[in-house]
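Asker: Next up is a structure, given as C-alpha coordinates.
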Amino acid sequence: MRNTLSHTTILSSNNMAHSDSGDQSTTTPLLRMRWRRPRFPDTIKLKTSLSSEISGAVGDLGTFIPIVLALSLVNNLNLTTTLTFTGLYNIVTGLLFGLPMPVQPMKSIASVAISQSPPLTIPQIAAAGLSVAGVLLILGCTGLMSVLYRYLPLPVVRGIQLSQGLSFAFSAIKYIRYNQDISTSKSGPSRSWLGLDGLIVALSALLFLILTTGAGVDDSSLNNHSETVELPIRRRLRLLSSIPAALIVFLFGIILCFLRDPSIINDLKFGPSRISLIRITWEDWKIGFVQAAIPQIPLSVLNSVIAVCKLSGDLFPGREASAMKVSTSVGLMNFVGCWFGAMPCCHGAGGLAGQYRFGGRSGASVVFLGFAKLVLGLVFGNSFVRILSEFPIGILGVLLLFAGIELAMASKDMNTKEESFVMLVCAAVSMTGSSAALGFGCGIVLFLLLKLREIDCCGSSSSSSSGTSKRYKSTVDEETSLIA
(Lines of atoms letter the chains of each structure in order from A and count residues from 1; the text may use other names and numbers.)
(Lines give C-alpha, C1' and ligand atoms only; values in the text may rest on other atoms or scores of the structure.)
Protein backbone atom coordinates (compact mmCIF):
# COMPACT_ATOMS: atom_id res chain seq x y z
CA MET A 1 0.00 0.00 0.00
CA ARG A 2 2.79 2.34 0.93
CA ASN A 3 4.66 1.41 -2.22
CA THR A 4 1.60 2.19 -4.31
CA LEU A 5 1.14 5.56 -2.65
CA SER A 6 4.79 6.42 -3.03
CA HIS A 7 4.72 5.37 -6.68
CA THR A 8 1.62 7.50 -7.27
CA THR A 9 3.28 10.47 -5.57
CA ILE A 10 6.36 10.11 -7.71
CA LEU A 11 4.26 9.94 -10.89
CA SER A 12 2.24 13.01 -9.92
CA SER A 13 5.39 14.91 -9.06
CA ASN A 14 6.89 13.92 -12.39
CA ASN A 15 3.72 15.04 -14.21
CA MET A 16 3.83 18.36 -12.40
CA ALA A 17 7.46 18.72 -13.35
CA HIS A 18 6.63 17.94 -16.96
CA SER A 19 3.73 20.39 -16.92
CA ASP A 20 5.97 23.05 -15.41
CA SER A 21 8.59 22.43 -18.03
CA GLY A 22 5.88 22.50 -20.68
CA ASP A 23 4.62 25.81 -19.35
CA GLN A 24 8.13 27.19 -19.47
CA SER A 25 8.58 25.95 -23.01
CA THR A 26 5.36 27.64 -24.09
CA THR A 27 5.94 30.94 -22.26
CA THR A 28 9.56 31.46 -23.33
CA PRO A 29 8.79 32.02 -27.04
CA LEU A 30 5.99 34.38 -26.09
CA LEU A 31 8.38 36.43 -23.99
CA ARG A 32 10.86 36.46 -26.84
CA MET A 33 8.20 37.53 -29.30
CA ARG A 34 7.13 40.30 -26.94
CA TRP A 35 10.59 41.85 -26.98
CA ARG A 36 11.31 41.26 -30.64
CA ARG A 37 12.27 44.33 -32.63
CA PRO A 38 9.44 45.84 -34.69
CA ARG A 39 9.50 44.91 -38.34
CA PHE A 40 9.21 47.72 -40.85
CA PRO A 41 7.21 47.23 -44.05
CA ASP A 42 9.23 46.08 -47.03
CA THR A 43 8.21 49.21 -48.92
CA ILE A 44 10.30 51.46 -46.66
CA LYS A 45 13.30 49.21 -46.17
CA LEU A 46 16.45 51.03 -47.22
CA LYS A 47 17.79 50.06 -50.64
CA THR A 48 20.92 52.17 -50.19
CA SER A 49 22.43 54.11 -47.30
CA LEU A 50 20.32 56.26 -44.99
CA SER A 51 22.13 59.42 -46.12
CA SER A 52 21.37 58.66 -49.79
CA GLU A 53 17.67 58.16 -49.10
CA ILE A 54 17.47 61.43 -47.16
CA SER A 55 19.39 63.22 -49.90
CA GLY A 56 16.97 61.88 -52.49
CA ALA A 57 14.07 63.23 -50.42
CA VAL A 58 14.98 66.82 -51.32
CA GLY A 59 15.37 66.04 -55.03
CA ASP A 60 12.01 67.51 -56.08
CA LEU A 61 12.04 70.64 -53.90
CA GLY A 62 13.19 72.68 -56.89
CA THR A 63 9.59 72.67 -58.12
CA PHE A 64 7.79 72.31 -54.79
CA ILE A 65 9.19 75.36 -52.99
CA PRO A 66 8.69 78.02 -55.72
CA ILE A 67 5.07 77.03 -56.38
CA VAL A 68 4.14 76.75 -52.70
CA LEU A 69 5.81 80.08 -51.99
CA ALA A 70 4.02 81.80 -54.90
CA LEU A 71 0.62 80.44 -53.86
CA SER A 72 1.26 81.53 -50.27
CA LEU A 73 2.22 85.09 -51.28
CA VAL A 74 -0.36 85.64 -54.04
CA ASN A 75 -3.33 83.43 -53.12
CA ASN A 76 -2.96 83.33 -49.30
CA LEU A 77 -2.42 79.57 -49.24
CA ASN A 78 -2.46 78.17 -45.71
CA LEU A 79 1.05 76.74 -45.35
CA THR A 80 0.15 74.69 -42.28
CA THR A 81 -2.61 72.91 -44.19
CA THR A 82 -0.48 72.30 -47.27
CA LEU A 83 2.60 71.06 -45.40
CA THR A 84 0.50 68.84 -43.13
CA PHE A 85 -1.49 67.17 -45.90
CA THR A 86 1.41 66.86 -48.36
CA GLY A 87 3.45 65.34 -45.53
CA LEU A 88 0.72 62.77 -44.94
CA TYR A 89 0.54 62.13 -48.70
CA ASN A 90 4.29 61.47 -48.78
CA ILE A 91 4.11 58.99 -45.90
CA VAL A 92 1.14 57.07 -47.33
CA THR A 93 2.51 56.89 -50.88
CA GLY A 94 5.92 55.81 -49.61
CA LEU A 95 4.30 52.94 -47.71
CA LEU A 96 2.00 52.08 -50.59
CA PHE A 97 4.33 52.12 -53.61
CA GLY A 98 7.74 51.36 -52.10
CA LEU A 99 9.25 53.95 -54.47
CA PRO A 100 10.35 57.58 -53.99
CA MET A 101 6.95 58.56 -55.39
CA PRO A 102 6.81 62.37 -55.29
CA VAL A 103 4.00 64.64 -54.18
CA GLN A 104 4.13 67.78 -56.29
CA PRO A 105 1.83 70.73 -56.96
CA MET A 106 -0.52 70.59 -59.92
CA LYS A 107 1.49 73.03 -62.03
CA SER A 108 -1.20 74.11 -64.48
CA ILE A 109 -3.66 74.92 -61.69
CA ALA A 110 -0.95 76.83 -59.80
CA SER A 111 0.04 78.76 -62.92
CA VAL A 112 -3.55 79.80 -63.66
CA ALA A 113 -4.23 80.65 -60.01
CA ILE A 114 -1.23 82.98 -59.84
CA SER A 115 -1.46 84.60 -63.27
CA GLN A 116 -5.19 85.38 -63.35
CA SER A 117 -6.34 88.92 -62.60
CA PRO A 118 -7.64 88.86 -59.95
CA PRO A 119 -5.86 85.72 -58.68
CA LEU A 120 -7.99 82.68 -57.97
CA THR A 121 -9.25 82.28 -54.43
CA ILE A 122 -8.54 79.24 -52.27
CA PRO A 123 -12.10 77.82 -52.79
CA GLN A 124 -11.65 78.17 -56.57
CA ILE A 125 -8.26 76.43 -56.42
CA ALA A 126 -9.80 73.68 -54.30
CA ALA A 127 -12.67 73.28 -56.77
CA ALA A 128 -10.17 72.85 -59.61
CA GLY A 129 -8.23 70.24 -57.64
CA LEU A 130 -11.39 68.33 -56.74
CA SER A 131 -12.51 68.34 -60.39
CA VAL A 132 -9.20 66.85 -61.57
CA ALA A 133 -9.27 64.37 -58.69
CA GLY A 134 -12.75 63.20 -59.71
CA VAL A 135 -11.65 62.51 -63.29
CA LEU A 136 -8.53 60.59 -62.21
CA LEU A 137 -10.47 58.64 -59.61
CA ILE A 138 -13.03 57.54 -62.19
CA LEU A 139 -10.31 56.56 -64.69
CA GLY A 140 -8.45 54.64 -62.01
CA CYS A 141 -11.37 52.81 -60.39
CA THR A 142 -12.95 51.78 -63.70
CA GLY A 143 -9.66 50.49 -65.13
CA LEU A 144 -9.74 52.90 -68.07
CA MET A 145 -6.40 54.35 -67.03
CA SER A 146 -4.79 50.91 -67.21
CA VAL A 147 -6.21 50.40 -70.72
CA LEU A 148 -4.91 53.79 -71.81
CA TYR A 149 -1.52 53.05 -70.30
CA ARG A 150 -1.30 49.64 -71.97
CA TYR A 151 -2.08 50.81 -75.51
CA LEU A 152 -0.50 54.25 -75.52
CA PRO A 153 2.51 54.28 -77.90
CA LEU A 154 5.81 54.51 -76.08
CA PRO A 155 7.31 57.18 -78.41
CA VAL A 156 4.44 59.51 -77.50
CA VAL A 157 5.05 58.98 -73.79
CA ARG A 158 8.76 59.61 -74.30
CA GLY A 159 7.89 62.82 -76.12
CA ILE A 160 5.85 64.04 -73.15
CA GLN A 161 8.70 63.12 -70.78
CA LEU A 162 11.26 64.85 -72.97
CA SER A 163 9.19 68.02 -73.18
CA GLN A 164 8.58 68.12 -69.44
CA GLY A 165 12.22 67.45 -68.66
CA LEU A 166 13.49 70.14 -71.02
CA SER A 167 10.85 72.55 -69.72
CA PHE A 168 12.16 72.01 -66.18
CA ALA A 169 15.72 72.46 -67.40
CA PHE A 170 14.88 75.74 -69.19
CA SER A 171 13.14 77.06 -66.08
CA ALA A 172 16.15 76.01 -64.00
CA ILE A 173 18.53 77.97 -66.24
CA LYS A 174 16.31 81.03 -65.83
CA TYR A 175 16.39 80.58 -62.05
CA ILE A 176 20.19 80.46 -62.13
CA ARG A 177 20.84 83.30 -64.59
CA TYR A 178 18.12 85.84 -63.76
CA ASN A 179 16.48 87.30 -60.69
CA GLN A 180 13.01 85.90 -60.18
CA ASP A 181 9.79 87.46 -58.98
CA ILE A 182 8.15 84.38 -57.51
CA SER A 183 4.80 86.10 -56.93
CA THR A 184 4.44 86.87 -60.66
CA SER A 185 6.53 83.97 -62.03
CA LYS A 186 8.52 86.41 -64.18
CA SER A 187 12.25 86.80 -64.72
CA GLY A 188 14.00 90.06 -63.92
CA PRO A 189 17.48 91.40 -64.72
CA SER A 190 20.54 89.19 -64.83
CA ARG A 191 21.68 87.84 -61.49
CA SER A 192 24.82 89.43 -60.08
CA TRP A 193 27.95 87.35 -59.59
CA LEU A 194 28.41 88.27 -55.94
CA GLY A 195 25.97 88.07 -53.07
CA LEU A 196 24.34 85.30 -51.07
CA ASP A 197 22.07 84.51 -54.03
CA GLY A 198 24.58 85.33 -56.76
CA LEU A 199 25.87 83.35 -59.69
CA ILE A 200 28.96 82.22 -57.78
CA VAL A 201 26.79 80.55 -55.13
CA ALA A 202 24.61 78.79 -57.73
CA LEU A 203 27.55 77.69 -59.88
CA SER A 204 29.41 76.42 -56.81
CA ALA A 205 26.41 74.27 -55.90
CA LEU A 206 26.20 73.07 -59.51
CA LEU A 207 29.88 72.08 -59.62
CA PHE A 208 29.61 70.35 -56.25
CA LEU A 209 26.67 68.23 -57.42
CA ILE A 210 28.42 67.32 -60.67
CA LEU A 211 31.60 66.27 -58.86
CA THR A 212 29.74 64.17 -56.29
CA THR A 213 26.97 62.64 -58.39
CA GLY A 214 28.42 62.81 -61.90
CA ALA A 215 25.92 61.86 -64.58
CA GLY A 216 23.82 59.90 -62.13
CA VAL A 217 25.69 56.59 -62.47
CA ASP A 218 25.02 54.36 -59.46
CA ASP A 219 27.08 51.58 -57.95
CA SER A 220 25.34 48.78 -59.88
CA SER A 221 26.23 50.26 -63.25
CA LEU A 222 29.74 50.84 -62.00
CA ASN A 223 30.08 47.19 -61.03
CA ASN A 224 28.90 46.12 -64.48
CA HIS A 225 31.86 47.98 -65.98
CA SER A 226 34.39 46.84 -63.41
CA GLU A 227 36.70 45.50 -66.11
CA THR A 228 37.08 48.93 -67.70
CA VAL A 229 37.36 50.96 -64.49
CA GLU A 230 40.42 50.68 -62.28
CA LEU A 231 39.95 49.77 -58.62
CA PRO A 232 41.17 53.11 -57.14
CA ILE A 233 38.83 55.01 -59.45
CA ARG A 234 35.91 52.80 -58.47
CA ARG A 235 36.65 53.39 -54.79
CA ARG A 236 36.78 57.14 -55.30
CA LEU A 237 33.51 57.13 -57.26
CA ARG A 238 31.79 55.06 -54.56
CA LEU A 239 33.05 57.48 -51.91
CA LEU A 240 31.73 60.46 -53.85
CA SER A 241 28.38 58.79 -54.51
CA SER A 242 27.95 58.11 -50.78
CA ILE A 243 27.94 61.86 -50.04
CA PRO A 244 24.36 63.18 -49.56
CA ALA A 245 25.05 65.97 -52.03
CA ALA A 246 21.51 67.30 -52.53
CA LEU A 247 20.88 67.35 -48.78
CA ILE A 248 24.09 69.30 -48.20
CA VAL A 249 23.15 71.84 -50.89
CA PHE A 250 19.65 72.24 -49.45
CA LEU A 251 20.92 72.74 -45.89
CA PHE A 252 23.45 75.24 -47.23
CA GLY A 253 20.52 77.14 -48.76
CA ILE A 254 18.71 77.13 -45.39
CA ILE A 255 21.81 78.65 -43.74
CA LEU A 256 21.92 81.32 -46.42
CA CYS A 257 18.29 82.20 -45.61
CA PHE A 258 19.28 83.35 -42.12
CA LEU A 259 22.43 85.05 -43.38
CA ARG A 260 20.48 87.03 -46.00
CA ASP A 261 17.96 88.30 -43.46
CA PRO A 262 18.70 87.52 -39.78
CA SER A 263 15.42 89.19 -38.77
CA ILE A 264 13.43 86.16 -39.96
CA ILE A 265 14.26 84.49 -36.66
CA ASN A 266 12.09 87.06 -34.89
CA ASP A 267 9.26 86.51 -37.38
CA LEU A 268 9.01 82.78 -36.69
CA LYS A 269 6.04 81.84 -34.53
CA PHE A 270 5.55 78.46 -32.94
CA GLY A 271 2.34 76.57 -33.40
CA PRO A 272 0.21 75.59 -36.39
CA SER A 273 -2.32 77.79 -38.09
CA ARG A 274 -5.96 76.87 -37.92
CA ILE A 275 -7.09 74.03 -40.20
CA SER A 276 -10.77 74.11 -41.15
CA LEU A 277 -13.15 73.11 -43.91
CA ILE A 278 -13.64 75.60 -46.71
CA ARG A 279 -16.92 76.56 -48.33
CA ILE A 280 -17.08 76.17 -52.12
CA THR A 281 -19.89 77.98 -53.93
CA TRP A 282 -21.33 77.14 -57.35
CA GLU A 283 -19.45 80.12 -58.82
CA ASP A 284 -16.20 78.74 -57.39
CA TRP A 285 -16.86 75.38 -59.03
CA LYS A 286 -17.53 77.03 -62.39
CA ILE A 287 -14.43 79.23 -62.35
CA GLY A 288 -12.16 76.53 -60.96
CA PHE A 289 -13.25 73.89 -63.46
CA VAL A 290 -13.27 76.04 -66.60
CA GLN A 291 -10.15 78.12 -65.98
CA ALA A 292 -7.88 75.72 -64.08
CA ALA A 293 -9.12 72.11 -64.15
CA ILE A 294 -9.60 71.74 -67.93
CA PRO A 295 -5.94 72.54 -68.82
CA GLN A 296 -4.73 70.44 -65.86
CA ILE A 297 -6.58 67.20 -66.67
CA PRO A 298 -4.54 66.13 -69.73
CA LEU A 299 -1.30 67.10 -67.98
CA SER A 300 -2.23 65.00 -64.94
CA VAL A 301 -3.21 61.99 -67.05
CA LEU A 302 -0.04 62.11 -69.16
CA ASN A 303 2.65 63.36 -66.79
CA SER A 304 1.29 62.48 -63.35
CA VAL A 305 0.14 58.95 -64.16
CA ILE A 306 1.32 57.51 -67.48
CA ALA A 307 4.77 59.12 -67.57
CA VAL A 308 5.32 58.34 -63.88
CA CYS A 309 4.49 54.66 -64.38
CA LYS A 310 6.73 54.39 -67.44
CA LEU A 311 9.57 56.13 -65.63
CA SER A 312 9.19 53.93 -62.55
CA GLY A 313 9.61 50.86 -64.78
CA ASP A 314 12.71 52.39 -66.37
CA LEU A 315 14.36 53.36 -63.09
CA PHE A 316 13.19 50.38 -61.01
CA PRO A 317 12.94 47.25 -63.20
CA GLY A 318 10.41 44.82 -61.79
CA ARG A 319 8.85 47.48 -59.53
CA GLU A 320 6.78 49.44 -62.06
CA ALA A 321 3.94 51.36 -60.48
CA SER A 322 0.39 50.45 -61.49
CA ALA A 323 -1.44 53.08 -63.54
CA MET A 324 -4.66 52.24 -61.73
CA LYS A 325 -3.06 52.69 -58.30
CA VAL A 326 -1.30 55.93 -59.22
CA SER A 327 -4.45 57.44 -60.72
CA THR A 328 -6.54 56.39 -57.73
CA SER A 329 -3.88 57.71 -55.34
CA VAL A 330 -3.94 61.18 -56.92
CA GLY A 331 -7.74 61.23 -56.81
CA LEU A 332 -8.05 60.14 -53.18
CA MET A 333 -5.40 62.41 -51.70
CA ASN A 334 -6.95 65.49 -53.31
CA PHE A 335 -10.45 64.46 -52.28
CA VAL A 336 -9.19 64.60 -48.69
CA GLY A 337 -6.92 67.64 -48.65
CA CYS A 338 -8.65 70.06 -51.02
CA TRP A 339 -11.71 70.30 -48.77
CA PHE A 340 -9.41 71.85 -46.14
CA GLY A 341 -7.73 74.26 -48.57
CA ALA A 342 -4.57 72.23 -49.19
CA MET A 343 -2.73 72.76 -52.45
CA PRO A 344 -3.86 70.38 -55.26
CA CYS A 345 -1.15 67.74 -55.69
CA CYS A 346 -0.17 64.94 -58.03
CA HIS A 347 2.67 62.47 -58.65
CA GLY A 348 4.99 64.16 -61.14
CA ALA A 349 7.53 62.35 -63.31
CA GLY A 350 10.00 65.20 -62.75
CA GLY A 351 9.87 64.72 -59.00
CA LEU A 352 10.46 60.98 -59.33
CA ALA A 353 13.43 61.63 -61.61
CA GLY A 354 14.88 64.20 -59.20
CA GLN A 355 14.54 62.01 -56.14
CA TYR A 356 16.09 59.07 -57.97
CA ARG A 357 18.88 61.30 -59.28
CA PHE A 358 20.01 62.21 -55.77
CA GLY A 359 19.77 58.79 -54.14
CA GLY A 360 16.13 57.91 -53.45
CA ARG A 361 15.57 54.20 -54.05
CA SER A 362 12.71 53.19 -51.72
CA GLY A 363 9.60 54.52 -50.05
CA ALA A 364 11.69 55.53 -47.05
CA SER A 365 12.95 58.54 -48.97
CA VAL A 366 9.55 60.22 -49.23
CA VAL A 367 8.54 59.02 -45.76
CA PHE A 368 11.44 61.04 -44.32
CA LEU A 369 10.31 64.02 -46.38
CA GLY A 370 6.74 63.58 -45.18
CA PHE A 371 7.71 63.65 -41.51
CA ALA A 372 9.85 66.74 -42.12
CA LYS A 373 6.87 68.54 -43.71
CA LEU A 374 4.63 67.56 -40.81
CA VAL A 375 7.10 68.92 -38.26
CA LEU A 376 7.60 72.20 -40.14
CA GLY A 377 3.88 72.70 -40.71
CA LEU A 378 2.85 71.94 -37.13
CA VAL A 379 5.75 73.74 -35.42
CA PHE A 380 6.13 76.91 -37.49
CA GLY A 381 2.85 77.14 -39.39
CA ASN A 382 2.44 80.01 -41.83
CA SER A 383 5.46 81.84 -40.41
CA PHE A 384 7.68 79.37 -42.30
CA VAL A 385 6.89 81.40 -45.43
CA ARG A 386 9.50 83.92 -44.25
CA ILE A 387 12.22 81.28 -44.51
CA LEU A 388 11.04 80.11 -47.93
CA SER A 389 10.95 83.67 -49.24
CA GLU A 390 14.66 84.08 -48.45
CA PHE A 391 15.78 80.73 -49.90
CA PRO A 392 18.29 81.31 -52.74
CA ILE A 393 16.42 80.86 -56.03
CA GLY A 394 19.69 80.01 -57.78
CA ILE A 395 20.10 76.91 -55.61
CA LEU A 396 16.52 75.85 -56.35
CA GLY A 397 17.38 76.22 -60.02
CA VAL A 398 20.35 73.89 -59.63
CA LEU A 399 18.18 71.18 -58.01
CA LEU A 400 15.51 71.63 -60.67
CA LEU A 401 18.10 71.39 -63.46
CA PHE A 402 19.24 67.91 -62.40
CA ALA A 403 15.63 66.73 -62.02
CA GLY A 404 14.74 67.97 -65.52
CA ILE A 405 17.78 66.40 -67.18
CA GLU A 406 17.15 63.07 -65.44
CA LEU A 407 13.56 63.06 -66.70
CA ALA A 408 14.60 63.98 -70.25
CA MET A 409 17.20 61.20 -70.33
CA ALA A 410 14.42 58.63 -69.98
CA SER A 411 13.85 59.08 -73.73
CA LYS A 412 17.26 57.65 -74.64
CA ASP A 413 15.77 54.23 -75.44
CA MET A 414 14.21 55.39 -78.73
CA ASN A 415 16.44 53.39 -81.07
CA THR A 416 14.72 53.55 -84.44
CA LYS A 417 14.36 56.64 -86.60
CA GLU A 418 10.55 56.37 -86.63
CA GLU A 419 10.36 56.28 -82.82
CA SER A 420 12.73 59.24 -82.48
CA PHE A 421 10.75 61.15 -85.11
CA VAL A 422 7.46 60.73 -83.23
CA MET A 423 9.07 61.54 -79.90
CA LEU A 424 10.77 64.73 -81.11
CA VAL A 425 7.68 66.06 -82.90
CA CYS A 426 5.55 65.37 -79.83
CA ALA A 427 8.08 67.13 -77.60
CA ALA A 428 8.45 70.10 -79.93
CA VAL A 429 4.69 70.69 -80.17
CA SER A 430 4.27 70.28 -76.40
CA MET A 431 6.96 72.85 -75.65
CA THR A 432 6.00 75.36 -78.36
CA GLY A 433 2.31 75.33 -77.55
CA SER A 434 2.92 74.93 -73.80
CA SER A 435 0.34 72.15 -73.91
CA ALA A 436 1.02 68.49 -73.25
CA ALA A 437 -2.43 67.66 -74.65
CA LEU A 438 -1.63 69.27 -77.99
CA GLY A 439 1.69 67.46 -78.22
CA PHE A 440 0.02 64.21 -77.25
CA GLY A 441 -2.62 64.59 -79.98
CA CYS A 442 -0.04 65.37 -82.65
CA GLY A 443 2.10 62.46 -81.51
CA ILE A 444 -0.81 60.00 -81.74
CA VAL A 445 -1.77 61.19 -85.24
CA LEU A 446 1.83 61.00 -86.43
CA PHE A 447 2.27 57.51 -84.97
CA LEU A 448 -0.89 56.25 -86.69
CA LEU A 449 0.16 57.76 -90.03
CA LEU A 450 3.51 56.02 -89.87
CA LYS A 451 1.81 52.72 -89.06
CA LEU A 452 -0.63 53.27 -91.92
CA ARG A 453 2.26 53.27 -94.37
CA GLU A 454 3.20 49.75 -93.26
CA ILE A 455 -0.28 48.23 -93.57
CA ASP A 456 -0.56 45.46 -96.19
CA CYS A 457 -3.56 46.61 -98.24
CA CYS A 458 -3.52 43.69 -100.73
CA GLY A 459 -2.32 40.24 -99.83
CA SER A 460 -1.82 39.14 -103.45
CA SER A 461 0.26 42.12 -104.31
CA SER A 462 2.23 41.56 -101.17
CA SER A 463 2.88 37.93 -102.06
CA SER A 464 3.77 38.82 -105.64
CA SER A 465 6.06 41.56 -104.47
CA SER A 466 7.67 39.19 -102.00
CA GLY A 467 8.10 36.62 -104.78
CA THR A 468 9.60 39.27 -107.03
CA SER A 469 11.99 40.30 -104.29
CA LYS A 470 13.00 36.68 -103.76
CA ARG A 471 13.64 36.19 -107.50
CA TYR A 472 15.61 39.42 -107.57
CA LYS A 473 17.65 38.29 -104.60
CA SER A 474 18.39 34.89 -106.17
CA THR A 475 19.42 36.60 -109.45
CA VAL A 476 21.75 38.90 -107.58
CA ASP A 477 23.25 35.92 -105.70
CA GLU A 478 23.84 34.06 -108.96
CA GLU A 479 25.53 37.09 -110.54
CA THR A 480 27.67 37.51 -107.46
CA SER A 481 28.75 33.86 -107.55
CA LEU A 482 29.63 34.11 -111.26
CA ILE A 483 31.70 37.23 -110.64
CA ALA A 484 33.47 35.49 -107.78
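Glycine too: its Cβ is placed from the backbone N, Cα and C atoms.
The transmembrane segment annotation in TrEMBL covers 86-104, 125-149, 194-217, 237-259, 366-385, 391-409, 421-450.
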Asker: Mind checking which residues of the chain, 6+ beyond the ends of the transmembrane segment (194-217), have their Cβ under 8 Å from one of its Cβ atoms?
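Answerer: Residues packing against the transmembrane segment (194-217) from afar: 176-177, 237, 240-241, 243, 245-246, 248-249, 252, 256, 259-260, 357-358, 392-395, 397-398, 401-402, 406, 409.
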Asker: If you count Cβ pairs under 8 Å, which stretch among 125-149, 237-259, 421-450 touches the transmembrane segment (391-409) the most?
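Answerer: Per the Cβ count, the answer is 237-259.
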Asker: If you count Cβ pairs under 8 Å, which stretch among 125-149, 237-259, 366-385 touches the transmembrane segment (86-104) the most?
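Answerer: By the under-8 Å Cβ criterion, the transmembrane segment (86-104) pairs most with 366-385.
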Asker: Are there residues at least 6 beyond the ends of the transmembrane segment (125-149) whose Cβ is under 8 Å from a Cβ of it, and what are they?
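Answerer: Those are 71, 75, 77, 106, 109, 112-113, 278, 280, 284-285, 287-289, 291-293, 296-297, 300-301, 304-306, 309, 322-335, 338-339, 341, 343-346, in sequence order.
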